[in-house]
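**Q** First the structure, then my questions, so here it is.
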C-alpha cells in the first residue's frame with residue numbers, strides 16, 4: 001500500500017522529461033535561439049515572440065545590475081517593503097499547516113477508526129476526504145481573483161475552526177452512529193472550506209508578494225516555512241492525541257485557526273488585481289498602520305455582514321489607476337488655470 005503512493009510520482013517524473021524550459025531561464029543561460037523557439041510556441045506570431053525575447057533580455061540585464069554589490073537576503077529583512085511581504089507570506093504558509101489540514105490528511109484513517117469506523121470504511125472515508133479536497137479546490141480558480149486572497153482567508157478560517165470543534169466534540173458522543181456521523185461531517189466540511197481558501201492561497205500569495213529581484217529568495221523562505229511546520233505537525237499529532245484526547249487535539253488546531261484569523265486581519269495585505277508598482281505601495285505601508293487598519297475593519301464587517309448596513313469602506317492606499325486619473329485631472333485643472341491667468345490683462 002505504501003509503494004502504491006509512488007506511482008503518481010513516477011508518472012510526474014516521466015512527464016517532466018517533456019516539459020519545456022522557461023524562456024526566461026534559457027535567456028539567463030545565453031540560449032537565445034531555444035528561448036525564441038519556446039516563445040513562438042506560447043505566442044500567436046513570431047513578432048510577438050521576438051518582442052518578448054527582447055523584453056525579457058532587458059529585464060534580466062536590469063536585474064543583474066541591481067544585484068551587483070547587494071546582499072538580497074539581508075535586504076529581505078532590512079527593507080520594510082520586503083519585510084512586510086515576508087511576514088505576510090510566512091503567516092499564510094504557517095497557517096496552511098496549523099489550520100490542521102495535514103493532521104487529517106496524514107492520520108485520517110486512524111481518526112476515522114478511532115471514531116468507530118471499520119478499517120475498510122475508514123479507508124473509504126479517507127478517499128472521500130481527498131475527493132472533496134480536490135473538488136472544492138476547483139472554484140478557487142475563479143474565487144481567488146473575484147473575492148481576493150485575504151477575504152477568502154478571513155472567511156474560511158473561522159469556518160474551519162468550527163468544523164474542527166465539531167470533529168473533536170463528536171468523540172464525546174457515546175452512540176457509535178452519532179459519533180461516526182459527527183466526525184465525518186466535521187472533516188468533510190473542513191475540506192470544503194479549506195480547499196478554496198487556505199489550500200491554494202498561500203503559494204499564490206507568496207509568489208506575488210515579493211519584488212522581482214528577491215522573489216526567488218522570498219519564495220524559498222516561504223516554502224521552507226510551510227514544510228518545516230508540516231514536519232512539526234506530523235510528528236507531534238500522535239503525542240497530542242495521547243495527551244489531550246481527540247477532543248483536545250482538534251480543539252488545539254481550532255484555536256490556532258482563530259489566532260491565524262487575527263494575524264491575517266492585522267498583517268496580511270490584499271494583493272488581488274495589483275500591479276507590481278501597486279504591490280510596492282501596498283507592502284510599503286508600515287505594519288503598525290496596517291494592523292490598526294485591520295482592527296478598524298472589525299466594526300465595519302459587523303455593520304456590513306451582520307447588521308446589513310452599508311458603511312463606507314476605508315481606503316488605506318489609493319490604486320494606481322485612480323492616482324493616474326487624479327494626476328490627469330490635476331494637470332487639466334492646472335492648464336485651465338494657466339490659460340485663465342494668461343487671458344487676464
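In case you wondered, yes, glycine gets a Cβ from its N, Cα and C as well.
Nobody curates TrEMBL annotations by hand; they come from automatic prediction.
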**Q** If I go by TrEMBL, the feature transmembrane segment sits on one of 85-108, 277-300, 301-324. Which?
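**A** Within the set 85-108, 277-300, 301-324, TrEMBL attaches transmembrane segment to 85-108.
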**Q** Taking pairs 6 or more apart in sequence, does the count of Cβ pairs under 8 Å between the transmembrane segment (249-268) and the transmembrane segment (120-140) hit 3 or more?
**A** no
**Q** Quick test of the contact rule: Cβ under 8 Å, at least six residues beyond the ends. What residues does that give for the transmembrane segment (120-140)?
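**A** Here the qualifying positions are 104-105, 108-110, 112-113, 152, 184, 187-188, 191-192, 194-197, 199-201.
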**Q** Taking the transmembrane segment (178-196) as the reference, which of 85-108, 152-172, 217-237 gives the largest number of Cβ pairs under 8 angstroms?
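**A** If we count Cβ pairs closer than 8 Å to the transmembrane segment (178-196), 152-172 scores highest.
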